[in-house]
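Participant: The structure follows.
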Amino acid sequence: MTNRHLAKFAYREEFKGDTEALAAAVREDASTGSTSQLPLEVQFGKMSNQKTVSVCIIGRPNSGKSTLLNRIIGEKLSIVTPKVQTTRSIITGIITLKDTQVILYDTPGIFEPKGSLEKAMVRCAWSSLHSADLVLLIIDSLKSFDDITHNIVDKLRSLNIVPIFLLNKIDIESKYLNDIKAFLTENHPDSLLFPISALSGKNIDGLLEYITSKAKISPWLYAEDDITDLPMRFIAAEITREQLFLNLQKELPYKLTVQTEKWEDLKDKSVKINQVIVVSRESYKTIILGKNGSKIKEIGAKSRMQMERFFGFPVHLFLFVKVRELWENNQEFYQYMKI
């Protein structure tokens, strides 16, 4: 386990059960200039030159939002697959560069939703704007500037938000790139435009330099080595869901969700994890299990390896499949998915 991971989880345990109160205290003291609300551990470590900036990353599905978050924080935190709508909730990533803490929000892709789950995902994406100092609108330069992207820009303008445009995937030749640049320059001259490649990292340093230049004097909300505030149970469920997306065909990945039902720390410093894959039909369960359980064993093995790589300790993973009809309309699952 890397030092960053150790610090991340140690911090969560130190303030377990009261992280919201801690964050509220930090914000209160940031506005008053006082440290009276903070725990002594934080008061003594408080530095007068600490700065913070929060950044929301929005855009269409598969435009590269999650890849950008992972690139900036230097860890694969947000799951990435070739399928659209992989990200279902807000994923918080954190990176501290010298005296500046950057808090990033990866969001579900914005599209024209149909079902209840899709509508909840899009609402979740828009809700993230309220927490951000900067809004990055990431645009896939390999595709035309379509009506959905126009609508996103128009809604941002209606909210008096001037987005920063990121033209992603510039490492691949595109017939649309110059036209998109010309359109944005002519119609949105007050917005900055950064051509980038989230995958290769091209121009990311310049983007980060701009982001940190907009940070304001404020105590950090997280420990210096934290990379996220997400619970480990949630991250483990996301890792398994990623493998389901990668190993199942067609529409099936959109018809399931994953919950971590049990997390048990064992004496040998390994962890036993029980997860439930929830599907809406018996036929979906049959596909996930595979012949003689071969498919779920494959998915379980790949998920376990990813968890061990991320968490840094041995994992004993047990997967179960349950059928819950119309789970997509159940608010209980939305709460678990944080949407």
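Cβ coordinates come from backbone N, Cα and C, glycine included.
So Swiss-Prot lists these for the protein:
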BINDING   59-66, 106-110, 168-171  GTP binding site
DOMAIN    4-48  domain 'RPE1 insert'
DOMAIN    51-220  domain 'Era-type G'
REGION    59-66  region 'G1'
REGION    85-89  region 'G2'
REGION    106-109  region 'G3'
REGION    168-171  region 'G4'
Participant: Any idea what DSSP makes of Lys65 (GTP binding site), helix, strand or coil?
Facilitator: helix
Participant: If you count Cβ atoms within 10 Å of each one, which of the binding-site residues Asn62, Thr107 comes out on top?
Facilitator: Thr107
Participant: When DSSP is mapped onto helix/strand/coil, what comes out for Ile170 (GTP binding site)?
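Facilitator: Assignment for Ile170 (GTP binding site) reads coil.
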Participant: Please compare the binding-site residues Ile110, Ile170 by how many other CB atoms fall within 10 Å of each one's CB, and tell me which has the fewest.
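Facilitator: Looking at the binding-site residues Ile110, Ile170, the Cβ with the fewest others within 10 Å is that of Ile170.
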Participant: Could you check what DSSP calls Gly59 (GTP binding site) once collapsed to helix, strand or coil?
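Facilitator: Its secondary structure by DSSP: strand.
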Participant: Could you work out which of the binding-site residues (Gly59, Lys65) has its C-beta surrounded by the smallest number of other C-beta atoms within 10 A?
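Facilitator: Gly59, out of the binding-site residues Gly59, Lys65, has the fewest neighbouring Cβ atoms within 10 Å.
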